[in-house]
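Quick look at what Swiss-Prot lists:
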- 76-89, 283-295: NAD(+) binding site (BINDING)
- ARG97, ARG107, ARG136, ASP225: substrate binding site (BINDING)
- ASP225, ASP249, ASP253: Mg(2+) binding site (BINDING)
- TYR143: site 'Important for catalysis' (SITE)
- LYS193: site 'Important for catalysis' (SITE)
Amino acid sequence: MSYQIAVLAGDGIGPEVMAEARKVLKAVEARFGLNIEYTEYDVGGIAIDNHGCPLPEATLKGCEAADAILFGSVGGPKWEKLPPNEQPERGALLPLRGHFELFCNLRPAKLHDGLEHMSPLRSDISARGFDVLCVRELTGGIYFGKPKGRQGEGESEEAFDTMRYSRREISRIARIAFEAARGRRKKVTSVDKANVLACSVLWRQVVEEVAVDFPDVELEHIYIDNATMQLLRRPDEFDVMLCSNLFGDILSDEIAMLTGSMGLLSSASMNSTGFGLFEPAGGSAPDIAGKGIANPIAQILSAALMLRHSLKQEEAASAIERAVTKALNSGYLTGELLSSDQRHKAKTTVQMGDFIADAVKAGV
């Protein structure tokens with residue numbers, strides 16, 4: 001079977017790490033007999049420079065014709081003074097999410113063996129490790145609710161946002177969380193503020209209704225303020241965390257930083273058909289672009305998420321993840337994962353990609 005992938009490398013380190021993800025995918029194709037065709041499109045700052053807008057029509061049409069989008073990163077100082085809606089991040093990513101109704105965001109975060117020193121957690125806590133999947137509703141809630149705006153003048157001026165969720169929006173994201181938990185440790189922690197917010201009362205009610213269809217999965221509820229604390233005390237006790245848009249925005253970044261490096265974290269944004277946009281959780285890192293030192297693992301793991309969720313190639317996705325684990329366990333690390341006195345051992349972006357691709361070929 002042939003798959004069509006829209007490749008949007010973007011700005012900063014995007015093209016460098018995307019090249020390594022493509023290298024690893026080539027190894028996957030050879031090992032598993034897959035036929036994946038890639039078409040590159042401009043997005044973000046480079047699209048502004050070449051086409052006058054961050055999301056050209058040709059890019060959007062190319063994404064519409066694809067089975068999935070493999071996204072790099074966008075943005076940088078060069079475009080920061082543009083009007084907000086014309087900047088790379090807001091002018092490209094948000095329209096893509098809206099156009100394809102990418103309502104589900106998956107953010108896995110794992111503390112790998114041997115990298116406990118990277119975590120800001122106390123050593124006795126980090127020694128236990130953790131493996132958490134944050135499932136975030138991405139297109140509803142307070143970020144998109146109407147009315148929204150400002151009114152009045154002087155001391156009477158006020159600003160307002162509306163938090164709004166429908167039963168359908170809650171149910172569909174909850175089902176994804178429970179399905180994900182079935183393939184993991186069979187536990188869902190639903191994050192809300194049901195002691196204060198009407199939206200959260202409905203959220204909790206609908207999640208409990210969905211849970212009836214998943215009797216093999218444990219469900220617990222936790223308030224958002226308590227969740228932020230418990231992630232610092234006992235992250236190893238969480239499996240899948242189900243969150244609304246606002247709460248997921250907060251918690252996914254907290255979970256990410258508990259690993260100690262954004263360079264290891266991937267992200268998937270998907271719609272109800274399984275079509276998705278897969279990207280690193282970090283940014284374009286313009287300060288290190290072109291130096292050959294960027295960590296490509298987040299981009300490579302994004303490719304694994306793409307294989308798993310949009311292309312339904314679980315075996316191939318797992319092969320990439322095992323290869324990444326082998327690299328990390330072998331001490332094959334880029335500079336940001338090493339202490340200052342060990343940075344002379346740092347591997348380059350290309351060396352990391354080579355090692356992981358070779359590990360995939362070897363069938364680790």
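Every residue, even glycine, has its Cβ placed from backbone N, Cα and C.
Distribution of Swiss-Prot features across the structure.
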| residue | record | DSSP class |
| --- | --- | --- |
| GLU80 | NAD(+) binding site | coil |
| PRO88 | NAD(+) binding site | helix |
| ARG107 | substrate binding site | strand |
| ARG136 | substrate binding site | strand |
| TYR143 | site 'Important for catalysis' | helix |
| LYS193 | site 'Important for catalysis' | coil |
| ASP225 | substrate binding site | helix |
| ASP253 | Mg(2+) binding site | helix |
| ALA285 | NAD(+) binding site | coil |
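Rounded to the nearest whole angstrom, the C-alpha distance between ALA285 (NAD(+) binding site) and ARG97 (substrate binding site) is 22. It is ARG97, among the recorded positions ARG97, ARG107, ARG136, LYS193, whose Cβ has the fewest other Cβ atoms within 10 Å in the structure shown. Remark: ASP249 (Mg(2+) binding site) has ARG136 as non-local neighbours, by Cβ distance under 8 Å and separation of at least 6 in sequence.
Burial estimate for the binding-site residues (GLY76, PRO84, PRO88): highest at PRO88, by number of other CB atoms within 10 Å. Cα spacing between PRO88 (NAD(+) binding site) and ARG97 (substrate binding site): 14 Å, rounded to the nearest whole number. Other residues of the chain with a Cβ within 8 Å of the Cβ centroid of ASP225, ASP249, ASP253, the Mg(2+) site, are ILE224, THR228, LEU246, PHE247, GLY248, ILE250, LEU251, SER252, GLU254. Long-range Cβ contacts of ALA289 (NAD(+) binding site) within its own chain (separation 6+, distance under 8 Å): ASP11, GLY12, ILE13, GLU16, GLY76. Put simply, of the binding-site residues GLU80, PRO84, ARG97, ARG107, ASP253, the one whose Cα is nearest the Cα of TYR143 (site 'Important for catalysis') is ARG97.
When Cα-Cα distances from ARG97 (substrate binding site) are compared across the recorded positions GLU80, PRO84, LYS193, ILE293, the shortest belongs to PRO84. When the recorded positions ARG107, LYS193, ASP253 are compared by Cα distance to GLU80 (NAD(+) binding site), the shortest distance belongs to ASP253.
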